[in-house]
């Protein structure tokens, strides 16, 4: 399209593409000017498309920075005009061509979003410049007021001339009854600087009308800012969001105002801004507490074959819209110092912005090539009214542009998520749209032909005021010429003076001219009478037709009222059903989410159980392996110990045999001693209970003197067996002892009343199925001095859940014989015997004094 203006922006020419083609969301970034030069900025512009942010080093000397790229970077030195030429002007071209568009202004609180969108009187923003460009472009092709009217279903009805006159009369009556509601031009409008751009290359064989609506999203509820309420009233009824027949989302019941010029549009914009919710905070004196959406809708309908009237078929009507969204700024409660209601509002704002980020993030992940999921993740549009309203744009009903506004005085931690979100949004692909205008097969250029022919046409009294004063002048001049040629009364009268009346010829010429003019006058009178009669007859006919038509109109109005009532009833029912359906959908979504949560919990628990089972099997296998290795290790150690002990026992046995042979030789040598020496031998075996008494052996050859020195009666000592204190008579024991135990000479012996003696343990059932609760293992050996000893290893038998038994050792009892005189009893006896032999060899007289008795168990096998 061609644009007319002082400095037209350069826009690349767009070509028609296939239906599956996609375009990315175009993201722009604008830096707010810094008022004070003393403040340090954390933003650095690298190029027209790249920006860098950084923070100063902290206490540890660590600094952070980030670099981001966008479609274009607007520095603090670029004006509103430059921003509009790059962002808004191409969208106006698309709007007039039948395409829809959406602009987001996103940023933290106090970053300049509202100023960019609305501006002020001297320097207008994107919204005001859109008004100027639209009406400058369509001023010659606008349809009359009330030609189009919203049908409350996101569409428009095309009305006939009779309906237009009826609506105008109703408006006139309302203005007469309520003169305070008439539009008045504000004094500030005179100071507004209009924007002189104009799009010239537009379709001329159609009629255009412009409608605007203004809503705000506050606490996740939608309110109409143009609703007809009293001044200063804040409470309004919330609106609901619906989907039309074409799949586009819209606010049901919103007030759409038809505007015919930029001044009218600015008046409605100002009225909506006065009702917009704002409040002062620490960061911004006029902080927006809600998201606002200003929508401009252009309705187009083609002209008929004559190029005069509009085709009243609704299917040929094309509706395109431009939505300008001023998002409320995200803010931190600690920095903005908000409390109470302001804090609650900030929470709702941050929540809706977070949902917008989540929707775009899921869109990006679903479109990313790294997405390996077979099913795309569901996008939560319905979580917030903001994303629900623009769901159709995200799904491809129009192009999307986003403006990221940043404040250089903000901190690094505040700017980083905003710039990251903007860069991520630039990677989201949106389906490319084509114009919705339909080719009805009529000859192009019909309007130009009619405009040329209208020069010679007398305007009708019911037509509206002409838009071009110079055309009216031409029409009136042509009308006067037409009247002058049509009402010709004959030849002109000759120019005569008073003296010329005396001339006969000139007098006859004047009479002839008068006669001709009289005849012409009579003819004209007859023509006028005939025409007046015809007109009267036509008037009578028209009056009769008018009466019939009036009756027919009254009957049709009655039918229409009935149909209207039925439609209202159906709308109410539909509204109730939609509410019920919405509640059911919410319940279904809640149940679906709950089902997914439960399934995920179930899967997590199943995975946990499987993991526990696997860990259990691995642990079991690990411990089985350890047990096998430990058994093998113990078996090897036992065999090694057994071999060592066997070798030791063999060596001890050989040593004992050698000692026995030596003692035997000593005993044989003692038999050669004379028989008059008395020798008393007391033999006792601790293991034989029949030898508990000492039997004296007296030689008959001993003199009577020796008998007097001996005690008259041998002292007897009865040996008593003592039961071990660790043995309980109620316990059932398993006594595990060698097959042929070596008898011990110690008196103390364990007693176990309830016992089962075994020599080998070849089966675990011997321990588990016997009902025993105690276990005793007997081992025999000798200590370091060669004295025999026995060790009793005692344990508890614990039954296991698997039917087995576990043996837990808790006590070791050692049994051996010890001499009360100290030292080994065997060595003491051998020493006494050696002393006796020495005394015997010293002289025959003290043989009686050196007799001794040998007491003990085993025969000594060695002596020192």
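Count begins at 1; order follows the chain as displayed.
Quick reminder: no glycine exception, Cβ is built from N, Cα and C everywhere.
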Seminar exercise, completed: Among 497-552, 553-608, 609-664, TrEMBL lists coiled coil at 553-608
Seminar exercise, completed: Most Cβ neighbours within 10 Å, among the binding-site residues 107, 112, goes to 107
For this session: Starting from the ATP site formed by 107, 108, 109, 110, 111, 112, 113, 114, give every other residue of that chain whose CB sits within 8 Å of the mean position of their CB atoms, in sequence order.
Result: 32, 284, 329, 405, 407
Problem set entry | Cβ neighbour count (within 10 Å, all chains shown) around residue 114 (ATP binding site) | 24
Seminar exercise, completed: Around the Cβ of residue 108 (ATP binding site), other Cβ atoms within 10 Å, all chains included, total 23
